[in-house]
Structures are given as C-alpha cells and as structure tokens.
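What TrEMBL says about this protein:
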ACT_SITE  Glu257  active site, proton donor
ACT_SITE  Asp336  active site, proton acceptor
ACT_SITE  Glu364  active site, proton acceptor
DOMAIN    108-424  domain 'Glycosyl hydrolase family 67 catalytic'
DOMAIN    425-647  domain 'Glycosyl hydrolase family 67 C-terminal'
Amino acid sequence: MMRDTAWLSKKVHDSPYTSYYIEDTDELTVTLLREMAKLFPQCERSNQEDSSLQFKLVEIEALGKEGFEILHMDGKIIVQANTTNGLLYGMFQLHQDLVTKNELKPVFRSVPDQAVRMLNHWDNFDGSVERGYAGDSLFYDNNQFRKNYDTIREYARLLKAIGINALTINNVNVHKEETFFITQPYLSEVKAIAEIFKEYGLTLYLSINFAAPISVGGLTTADPLDEDVNKFWADAANEIYAEIPYFGGFVVKADSEGEPGPFVYDRNHDDGANMLARALQPHGGIVIWRCFVYNHLQDWRDRSIDRARAAYDNFMPLDGNFDDNVILQIKNGPIDFQVREPVSPLFGGLTKTNHVLEFQVAQEYTGQQKHVCYLMPMWKDVLDFDTKHHKENATVKELLPKNSPNIQRSGISAVVNVGIDNNWTGHKLAQVNLYGYGKLIWNNAITSEEVLDQWLDLTFDLTPKGKEILTEIIATSYQTYENYTAPLGIGFMVRPNHHYGPDIDGYEYDRWGTYHFADRNGIGVNRTLKDGTGYARQYADARFEEYENIETCPDDIVLFFHHLPYTHVLHSGKTVVQHIYDTHFEGYEKVEEYVKVWEQLKDEVDEASYNNVRERLAEQKRCALEWRDQINTYFYRKSGIADEHKRQIYG
Ligand code: GCU
C-alpha cells in the first residue's frame with residue numbers, strides 16, 4: 001500500500017503558475033528543486049525574467065533566518081527570504097495556499113513566533129515506542145536501525161511543511177543500548193538519519209543517559225563535578241561533532257522516574273546541566289534539560305507531599321544558574337499531560353533561564369489515538385494563558401521568548417504521535433494534532449478553527465455537507481473526551497501503566513502522587529495555601545488569589561485546587577455530582593452521534609481512512625460507555641445522591 005502522504009498529498013495542478021525561478025545558492029537548493037517537482041509538477045524551471053513563480057533571496061532584517069514573504073502582484077508570485085531555509089518554508093506555505101485555494105494577499109509575511117520548534121520521539125531501539133499509538137518506531141526495529149531512508153525523508157518533508165525545526169529520535173528514558181548512541185558504530189547510523197533531516201533544515205538531537213560515564217565510559221561515577229566525568233562528556237561531544245558537525249545537542253531526563261541524575265551525587269540540576277553544556281559549548285551544542293522531576297515513590301498516606309509542586313520547587317530556586325546553552329523543558333501542566341490541568345507556574349516564574357514548553361501530541365491520556373481528541377483547543381488555552389505576572393503581555397506565548405535570556409533558545413517542544421503505521425498517526429484524524437501543533441507553534445495566533453479547516457482541505461475532498469460533519473466531530477472532540485473522563489480538572493483515573501480506559505482508584509493508593517481523595521462526602525485535592533499543600537501560591541498574586549478562593553476558582557480546574565462536597569454548587573449552577581452525571585451522559589451521547597454521522601462520509605473519504613476512523617470510533621464508543629458508567633456508578637455509590645434526571649446509573 002502507498003504510504004499516506006498526509007498534508008502533502010495534493011499537488012498544485014490547475015494554477016496559472018507554470019514556470020519558476022530558483023537561484024542555485026546552497027545545498028538546500030537541491031531540496032527546493034525536489035519539492036517543486038513534487039508539489040508543483042506542471043511548473044517548469046526557467047530564468048527570472050519570464051517565470052511566474054520566483055524564489056528569491058533578499059536581505060530584510062525582520063524576516064530573520066526562517067521567516068519569508070509571499071508577494072502576489074501582476075500575475076506573479078515572489079517568495080522571498082533571507083535564507084534558502086526560509087524559502088523552503090515559504091514554498092510549503094505557497095503549496096498549502098494554492099491547494100486550499102486560499103486567497104493570496106499582495107504581501108504575506110510570516111516569521112515564526114517561537115525559535116525552537118521541536119518534536120521528541122520516545123522511540124526505543126527495540127522498535128517499540130513509549131506511549132506510541134501508531135505502530136512501531138520509524139527509526140528502529142529489533143535493536144537495529146531500519147535504514148528506511150525514503151520514509152524518513154517523507155517524514156522530514158511533513159515536518160518541514162508545518163514549520164518544525166528540530167527533533168530527538170530516541171526516548172527520554174534512555175535504555176541500555178541507546179546509551180551507546182553517542183559512540184560508534186551507532187553514531188554513523190545516527191548521522192545517516194541526521195543528514196536526511198538536514199536536507200530539510202531540521203536539526204537532530206539525542207536523548208542521553210546521565211549515567212553514561214559509568215555504562216559507556218567505564219568510570220565509577222557520573223558525578224557532574226568529577227574531572228573524569230567532565231572529560232568523558234567533552235570527549236563524547238568531540239566524537240559526536242567530528243561525525244555530525246551540525247548536531248543539535250542533548251535532551252536529558254535526569255532524577256526523574258528512576259532515571260539517573262545529579263541528585264545521586266548530592267549535586268543539583270544546574271551542576272548536571274552546566275557540566276553537559278560545557279562539553280557541548282565549543283561545538284555550538286545545546287542541552288535541553290527536562291523539569292519533569294518529582295518524587296515517584298510517594299506514600300499515599302502522606303498528604304503533605306504534592307507532586308504538582310515539584311517542578312517549581314526543584315527549578316525555581318535555580319533560576320539564573322544555568323549556562324547560556326542550557327534550555328529547561330517544562331511540561332504544560334504541573335502533573336502530566338492530563339486532558340485538563342492548570343498551566344505550570346514555572347511559566348512566568350522563570351525569568352533568568354532559557355526555557356521551552358513541552359506538549360504531548362501523542363495522546364497518552366487523551367484516548368491513545370483510538371479516540372478522536374483534537375488537542376488544539378487545549379494548546380491554545382495554554383499559550384493564551386495570562387500568567388498575570390505583569391499588567392500586560394504576560395501570556396505564556398509572549399513570556400516564553402521574553403523570559404528566556406537568549407530568545408533563540410526558547411520555544412516549544414512536544415512528544416510526537418507518529419509511528420510506522422501507514423497513515424503515520426494510527427488514527428487518521430490524529431494527523432490533525434501533528435499538523436496543528438506545527439502550525440500553532442510557528443504562528444501562535446492561528447485559531448483551532450483555521451487549523452482544522454486547512455487540514456481538512458489538504459487531506460480530503462469533501463462536499464460542504466461532508467466538511468461540516470467532520471468539522472463538528474473534530475472541533476467538539478476535546479470537550480467530548482473531557483466530558484466522559486475524569487471531571488473538573490482532577491485528572492488520572494486511568495488504568496495504571498498503560499493509561500487507557502477508566503480505573504478510578506487505579507492510582508489512588510499507589511506511589512505516583514496522582515490522587516483524587518474521593519470519600520463519601522466529596523472529592524478533590526486541597527492545594528490552597530490556607531490549609532492545603534500550598535501549590536496555589538506558586539502563581540503570581542492575581543492567579544494565586546483566583547485559585548485559592550473557591551468563589552473565583554474556575555469550574556474546569558476546581559477539583560485540582562479544592563476538595564469539595566458533592567453538593568457544592570459550581571459557577572455553572574450545578575452541584576459537583578450533578579455536573580459529573582450530566583457531562584458523562586453528554587459525552588457518551590456525543591460519541592454515539594460521531595459513530596452515526598461518520599457513516600455519511602463513506603463516499604467522501606478514501607476507503608482506508610473511512611474504515612480506519614469507523615473502527616476507532618466503535619472502540620471509542622465502547623470505551624466511553626465504560627467511562628460513563630464506571631464514573632457515574634462510582635460517584636453514585638460514594639455520595640448516595642441520585643441523578644436529578646433519573647437516568648440509568650448502575651447502583
Ligand atoms: C509520563 C509517561 C512516561 C514518560 C514520562 C516522561 O509519566 O507515562 O511514559 O516517560 O511521562 O515524560 O518522562
């Protein structure tokens with residue numbers, strides 16, 4: 001079967017632009033020419049004077065290294081940028097505009113809002129993907145490199161077309177064999193992959209294991225202040241850069257969920273990160289150090305420990321201690337990619353350290369690419385979130401570059417959702433999340449609706465009615481998913497380990513620190529300063545006050561901050577327990593509707609996609625019913641309060 005080419009599947013055929021001009025400048029020109037042939041097959045190369053489509057290098061400071069302009073006048077189109085890399089972004093944008101019949105403006109300028117626009121693969125050398133829901137790894141199989149370079153090249157094209165500029169290709173949990181990726185013979189294989197991404201201007205990074213000086217170097221310690229350890233990393237960096245001079249650097253998960261780190265040696269994260277930074281610095285490399293650090297061996301009996309506090313407690317005191325080539329990577333919320341969480345207080349908190357935000361495109365907690373769940377609305381909420389650290393312009397999207405001392409070292413990263421499956425993402429409709437992620441982090445102002453509209457036009461040939469149906473399914477899917485799963489920002493309630501399907505008490509008496517504390521009177525975690533864990537105090541004053549007080553705390557995250565009686569009346573006017581019943585009935589009904597209306601698209605989408613989505617919607621319906629009934633029954637049993645509308649709740 002031909003591989004699904006996603007948002008690059010359509011070609012520009014019926015346009016008046018039949019000739020193009022590209023100056024031969026650098027090695028990326030080869031890529032530009034190749035893409036012209038693929039995307040604009042009826043366009044012939046020509047000289048500047050008589051071509052209707054021109055790609056020109058210019059010197060316009062405001063465009064920076066990656067921005068571009070598309071000028072449309074006198075029947076001609078001129079794409080211009082300061083670099084060939086910028087021209088490539090411009091070419092993909094033009095392709096998209098012409099395919100979706102977007103009306104071309106006389107001058108369209110596009111410059112990315114975030115400098116680092118990255119993806120993290122959680123791929124293992126054995127071919128599995130941690131939290132992967134689209135088949136095995138694109139890169140590895142059975143402890144070997146797949147060497148499927150054509151597929152990797154297709155992938156690089158897809159990423160470039162949505163504006164991504166960097167990626168890691170191995171899991172943040174770096175297992176035994178992958179620890180050796182920083183050495184030969186693995187390095188040559190890594191290089192072969194890095195070369196392909198470089199054809200598209202993407203920079204490759206590796207996740208490394210902090211204990212590599214021991215396992216790879218044969219030392220007795222990985223202490224960041226030990227001289228031999230420093231030498232080990234400096235030598236490793238020399239070897240890597242001798243092989244791959246354009247290598248990006250390291251991504252590090254340290255002292256997190258059992259991974260080694262500086263804490264083992266009574267050192268801190270700045271010691272660890274700066275040690276690696278010094279090794280990479282002579283080569284222009286970067287250390288991306290994750291803030292996902294918390295006590296994963298918690299005693300559920302001990303209510304004084306709060307996992308939500310951990311990232312801020314660990315990293316805020318270190319603000320300003322990190323080298324210029326260190327970037328901290330912070331998950332969007334304080335816990336772990338739940339469908340609804342407050343925004344991490346480190347955004348707006350950190351002001352003296354380069355940092356990037358981390359999203360999860362992979363749907364670990366949002367239906368695992370068996371359920372349709374459009375994540376754009378959530379990501380928009382996070383980027384637009386006003387931290388209230390200043391009177392004006394204190395949204396996360398604005399503070400990321402502003403609060404990073406080196407703007408070039410700020411931005412957004414995400415756990416990607418692709419695998420070897422023919423359609424890349426397992427669920428065909430999960431493609432929209434990858435597409436949207438790229439588009440959003442390039443242009444933070446783009447709306448969920450715009451992204452969805454573009455993706456639909458690039459992907460299918462729908463009638464207006466068909467488009468309406470599919471738009472409704474995708475646009476409502478995030479709210480629907482939230483409705484039938486854990487309520488009011490409480491999170492988790494998923495099956496332990498694999499995290500799919502309901503298990504309300506699955507983590508309640510476990511060591512992971514993700515509790516809901518439901519009892520016969522109420523539910524929720526008291527994170528107030530007054531008499532809770534104090535997490536609320538990690539925010540700027542205005543947000544702190546808002547979250548601290550039950551009168552002002554928003555409904556959708558209220559159980560994240562407060563333990564409330566089931567009879568507590570929300571701002572919506574409903575009691576907590578009635579809200580739970582209502583949303584769970586509504587959520588399931590919505591999925592029933594998706595299943596029905598999808599059938600109307602049978603003749604509008606290709607057979608593979610039709611069947612793929614139909615099968616997954618059937619599974620979503622089964623699972624949503626399970627969620628609905630388990631949650632409703634659980635809270636009915638705990639509270640003894642009947643549904644006002646007398647719907648069926650199993651006792
Ligand atoms: C989650 C996820 C893990 C992952 C971790 C991380 O806890 O379940 O599989 O390793 O996040 O982000 O490091």
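The chain as shown is numbered from 1 upward.
Using the three backbone atoms N, Cα and C, a Cβ is placed for every residue, glycine included.
Predicted, not measured: the structure shown is a model, and the values here were computed from it.
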* Structure fact -> Asp336 (active site, proton acceptor) and Glu364 (active site, proton acceptor), compared by Cα position, are separated in whole Å by 10
* Structure fact -> Within 10 A of the CB of Asp336 (active site, proton acceptor), the number of other CB atoms across every chain shown is 20
* Asked: Of all the active-site residues given, Glu257, Glu364, which residue's CB has the most CB neighbours within 10 A?
  -> Glu364
* Glu364 (active site, proton acceptor) and the residue listed as 'active site, proton donor', distance between Cα atoms, whole Å -> 17
* Asked: When the pLDDT values for the domain 'Glycosyl hydrolase family 67 catalytic' (108-424) are averaged, what is the result?
  -> 98
* **Glu364 (active site, proton acceptor) in three-state DSSP notation** => coil
* Asked: Looking only at DSSP and grouping its letters into three states, which state does Asp336 (active site, proton acceptor) belong to?
  -> coil
* To do: Sort Glu257 (active site, proton donor) into helix, strand or coil using the DSSP assignment.
  => coil
